[in-house]
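Chemist: TrEMBL lists these features:
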DOMAIN    20-121  domain 'LOB'
REGION    170-189  region 'Disordered'
COMPBIAS  180-189  compositional bias 'Basic and acidic residues'
Amino acid sequence: MVGGLKLLYMASSSTTIFGSPCAACKFLRRKCMPGCIFAPYFSPEEPQKFINVHKVFGASNVTKLLNELLPSQREDAVNSLAYEAEARIKDPIYGCVGAISVLQRQVQRLQKELDATRAELLRYAYVEHRSANISTISSRLHYPYDLPSPTHGLLPSFTNYYLPRSWNASTSNSSTGEFIQKEGEEGSM
């Protein structure tokens, strides 16, 4: 270090100034050396990250793990350790597995709601499609003697019989189904 010039150590995503120790060295109360394995991953601005990792895994275990990995894999490993350590501190028994279980149950519940909603939408679409087809069919039906189609848009009701024009003089006896001629008019059946 010449003339008070501070050297910068560039890591994958963080920059550490050797003038200030990394969070790991500061917590462990040791001097942060230029080849410190913790410096690129535990910046002095995030001391709690290392504190959690140290509390759950221990500094020597983290050192061994990082030394066994390729430099390109270390950042992901440290992020995973930090996530697991934070989860273990929040839930000492289940850790991140507990959080994953809660999220899986939530996904299953939401999937059931989504399936029920899709089924309901299909029912509505089927009913709408069916009523549209019935309306189209009933409007295209040719009723005898140009009688109007039913107003409900459904198939005609069979309680109202349409009689040919030649039978207009007759009325239907609904109980017997026979046609009775009106008085004073002649007609044949």
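Note that Cβ sites are derived from N, Cα and C of the backbone, with glycine treated the same way.
Caution: TrEMBL annotation is automatic and unverified by curators.
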Chemist: Just to confirm my parser: what is the rounded mean pLDDT across the domain 'LOB' (20-121)?
Modeler: 92
Chemist: Within the domain 'LOB' (20-121), how many residues are helix, strand or coil going by DSSP?
Modeler: 73 helix, 0 strand, 29 coil
